[in-house]
């Protein structure tokens, strides 16, 4: 277990002082000059320079494991746009891959695993996981990116949530109905909890190692939490997200933690019951309503989101109007901080890069 405060991490790596702390201030509910903004999947296939670097690497995982190229693609959107954060270029499925399931990608079909995790025999064959060793290439990338940023903006580390990773590991890839995962949930819930507990321990180790390597914020992507029924969300997803956050807060109390549950807007009352600094929202939840719900809690929780990524297919005028409406909602309660502008999910490969710039600029041009 690593217990290092932020000063220890900064001094160990001799990182440059942070110049733009707008996003961190918003997370702390401190006054800000303008709304901080970044985009999920901001280093991605909508950028021609990303496509060129990925082609040089040969395939996606080779790109992730190449420190110099992973650093390069992380920096690319920051050269184009006035973003307020960088996010580590990697994939949420690095943990299952390191556990020996054999991650690979098929064109047009997304990620797949050579092995699945459906029986106790499968579980017993999982390889031992130690983030610093099993995923050393991720930590190398984190440190390299921090040095390349030179204090420009803070760096997000991230992981998939236990529930989301479990669905991939059990299904063997993406799924529309989560047949095998939900089959375990309703027929062998104790075994599914055993799997989730094991993955949660790995996630804590993984995010802890990213923080020690230089990540200044971490985000937990609960991409498929919204596939669960209400009571099952609390038991099979939130319970484990809460444990991740609590453990990270014990080890690194000064490092903000964001939890993003796609489709989780209905369960803000459940998600409030954690130490998360910020909750990410998709486009289905109005920001004014979300902030009003969170304001009833015992402590302040920031919000991140939540423009529909498809909005970026529209005209520049439409994008600006949509951003203004989103920020009107975000600040409707009168509090002009505690909010990070983002998309409601990752930016898609078909977006015109110019329109992504319109989005970022429109956020910064909004008068607080």
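Cβ coordinates come from backbone N, Cα and C, glycine included.
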Site-mate of 41, 42, 43, 44, 45, 91, 168, 223 for substrate in Swiss-Prot, selected among 345, 364: 345
C-beta crowding around residue 43 (substrate binding site), within 10 angstroms: 24
Binding-site residues: 41, 45, 345 - member with fewest neighbouring CB atoms within 10 Å: 45
Intrachain C-beta neighbours of residue 168 (substrate binding site), sequence separation six or more, cut-off 8 angstroms: 93, 96, 111, 113, 160, 174
Three-class DSSP secondary structure - residue 43 (substrate binding site): coil
